[in-house]
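To start, the structure itself, in structure tokens.
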Amino acid sequence: MDLANIIDRERCCVLKETTKTEAIIELVNSLEGFNGPQLNGGPLDIEELRKELFYREQLMSTGLSLGLAVPHVRFRGVKSPLVIAGIQPDGITDYDTLDGSEVNIVIMIIVGENQHKQHIRLLSLIASRLKDNKLKQALLSAGSGEEIYSLLAGSEEAGL
Amino acid sequence: MVFNPGILLIFGISIFGGFTSSQMFKKIHIPQVIGYIAAGVIFGQTVLGIITPQVIDNLQPFNNFALGIIGFLVGSELLFSDMKKYGKQFSTILIGEGVLAFILVGSAVGFILYKVTGVFSLAMAGGVVFGAIASATDPASTINVLWEYRAAGILTTTIIAIVALDDALAMFLYGLGTSISQILTGGEADIAVELLKVAFELGASIILGIATGGLIALIIRKTKSPESLFVIAFGILLICIGLCAWLELDIILAGMFAGISLVNILPERGKEVVKQIRNISTPIYILFFALVGARLSLGSMPAWLWLIVAVYVVLRSFGKWFGAWIGARISGADKKVCNFTGMSLFAQGGVAIGLSIMASSHLSNISIQPGLSLGDVIIFGVTATTLIVQIIGPMLVKVSVKVAGEAGRNVTEEDVLSRNKVEQIVDRDATVVSPVTPIKEVVELFGAGERSFIPVVDNDNVFKGIIRFTDLTAAFLAPETLDWLVAGDFLYKTKTLLTPGQTQKDAINIMTHLHREYIPVVDNEHNRHWVGLADRQSMITSARRELLPA
């Protein structure tokens, strides 16, 4: 699974928002006008995607541990996995994580409606990558989306 | 403008009229076949005259087709295993009822004809032909009643065997009778030649029928699609019927042997073919019997002929009943076979009318009085008696199987499934999970159960979808994710749902089509309130349990 092709370079960013809801909305809104090959026909229905993501958060928070959150959803608007990432160096305190920590790294995973395997593999891959403290620190000090993308996508080659 | 309806309009009027009238008759508990004939009488020469003799002549190919299909369906009821078991009974009953009807009717009608004409040879000839025709029983209407009342048992088997076989006996006696008549009335027929002709006709029909059934069995042995099964069988059967019509062989007999050989060579798949052909047979039956009714012209019969009609009906009925009783007693048959077989054999139809039409063409040159030939007497007599015995015959078949306790016993698994509703077997305690159930718990539930999916139902009891075990397998390879995931992450929004009011037959059809063993049941497609799980095996088991003898 090649993260470099799955992560959308232009939609990795340093987040402005510092609450869970606003941070998720900021990431979803960045997909406005998205026109990548992952789409399943027409443009993304941003409103629907937002609803699905928040419905999922209602079931169980996607905040994991050690500052990582992975809002994820299976969505009929895409046919292949799409990942975007946001960094909040100041921390999001209300994310409700498994270990109670604040969230600095939000990686959003959107997969096709029937892509159960890809869904789980991406979750597992991202979680295991971000267990690496060096990568985490590098991400937290990244100043641009481009840098965040390079760190996440390049970590595979770098053996991180 | 002269009213001259086309064939298609005649078909439509006859089928729709026949059906409507049969429904009215059904309400007063009279077998439907009488309704079909009554519609024909109304549209035919007796009342409205819409279906004229010319139209009926033009429809001969259709009649051939219907006789072939009827023969096939009749033959398919006869399994050699049954024949072997009841063989002795069948042959003595067959000979008893056929021969006694032949002797009684033949001598009485001959006597009346002698009194009317004073010519012994002519009276004898008429008597022999009437007698031979009297020995025939109509398999179509008799078996139609047995099907309608879902009869099964030793009496039903005996009736089916006799009606399937006594056309052959009737044809043989008829062949013998017409030859004797023609010899007696100065015709040129040589009895040996006529007998040979009849033997050839019977033999060739039987061989063609067996070949037809064998060929169908051979081809369908490897055919998988039910549609192809039907088309192949139907096509070959039509070829058989067409060949019979062309070679002037007996269509009913050939169709019958096609049915017999098919179900005995290939019982399972053969029955599937029979079922499909039976499915299309209703309009054919209606039309066939409506045309039988239309052929009758009740108003134009000379008065003394009614005496022949009365004597024929009474003595034929008595002959069949008493002859069957004697035959059954000799063979040591069950008491209900002795008492009820004969009275179930009164119906007469296509074969008798067919034989009378053949006789009328053979004997049309023998004049009884000005404007009335022996052929006319036969055709009038047989058509009138047909109407009468077609009213009392099927009713007595119904009474016989009911009194003998054999009605309603031939209920199939499919009948039970068509009647039963999904709500009767729905498992309301089936394990369900909520969208927020941790996936670890879901995995444990899969481990404890045997089903390949678990329904997901929310707090408002609304069905959200299912979790398929196959979708979970990826999570087993990444066990750390099991802590972060919930049932909602694996939700599969299935569109295949059942509602409690659907029949179990529909449910099983859907399951078969989709290769599923279980389907979720919701209150309705709109609200999707959870009801339970429908399980294919439970439906089949409960249907089979219902079919077990009490």
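Each Cβ is built from the backbone N, Cα and C atoms, and glycine gets one as well.
Just so you know, TrEMBL annotations are computer predictions that nobody has curated.
According to TrEMBL:
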type: DOMAIN; residues: B:426-482; note: domain 'CBS'
type: TRANSMEM; residues: B:6-22; note: transmembrane segment
type: TRANSMEM; residues: B:34-56; note: transmembrane segment
type: TRANSMEM; residues: B:62-80; note: transmembrane segment
type: TRANSMEM; residues: B:92-113; note: transmembrane segment
type: TRANSMEM; residues: B:119-137; note: transmembrane segment
type: TRANSMEM; residues: B:149-175; note: transmembrane segment
type: TRANSMEM; residues: B:195-220; note: transmembrane segment
type: TRANSMEM; residues: B:251-267; note: transmembrane segment
type: TRANSMEM; residues: B:279-298; note: transmembrane segment
type: TRANSMEM; residues: B:304-325; note: transmembrane segment
type: TRANSMEM; residues: B:337-357; note: transmembrane segment
type: TRANSMEM; residues: B:377-397; note: transmembrane segment
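Beyond the ends of the transmembrane segment (B:195-220), by six or more residues, the same chain brings 71, 75, 168, 171-172, 174-176, 179, 229, 232-233, 236-237, 239-240, 243-244, 247-251, 253-263, 265-266, 269-270, 273 to within a C-beta distance below 8 angstroms of the stretch.
Broken down with DSSP, the domain 'CBS' (B:426-482) shows 23 helix, 15 strand, 19 coil. Contact between the transmembrane segment (B:92-113) and the transmembrane segment (B:34-56) is not supported: fewer than 3 Cβ pairs lie under 8 Å, counting only residues 6 or more apart in sequence.
Taking Cβ pairs closer than 8 Å, the transmembrane segment (B:251-267) reaches residues 64, 67-80, 139, 164, 167-168, 171, 202, 205-206, 208-210, 212-214, 216-217, 220-221, 233, 237, 240-241, 244-245, 273-274, 350-351 in its own chain, all 6 or more past its ends. The average pLDDT for the domain 'CBS' (B:426-482) in the predicted structure is 88. Against the transmembrane segment (B:279-298), stretch B:6-22 has more CB pairs under 8 A than any other of B:6-22, B:119-137, B:149-175, B:337-357.
Non-local neighbours of the transmembrane segment (B:149-175) in the same chain are 74-75, 77-78, 82-83, 86, 89-90, 93-95, 97-98, 102, 129, 131-133, 135-139, 142-143, 194-195, 197-198, 201-202, 250, 252-253, 256, 324, 328, 333-334, 336-337, 340-341, 344-345, 351-352, 355, 358-359, 397-398, 400-402, 404-411, 415; each lies 6+ residues outside the stretch with a CB under 8 Å from one of its CB atoms. Remark: the transmembrane segment (B:119-137) makes no contact with the transmembrane segment (B:6-22), by the rule of 3 or more CB pairs under 8 A.
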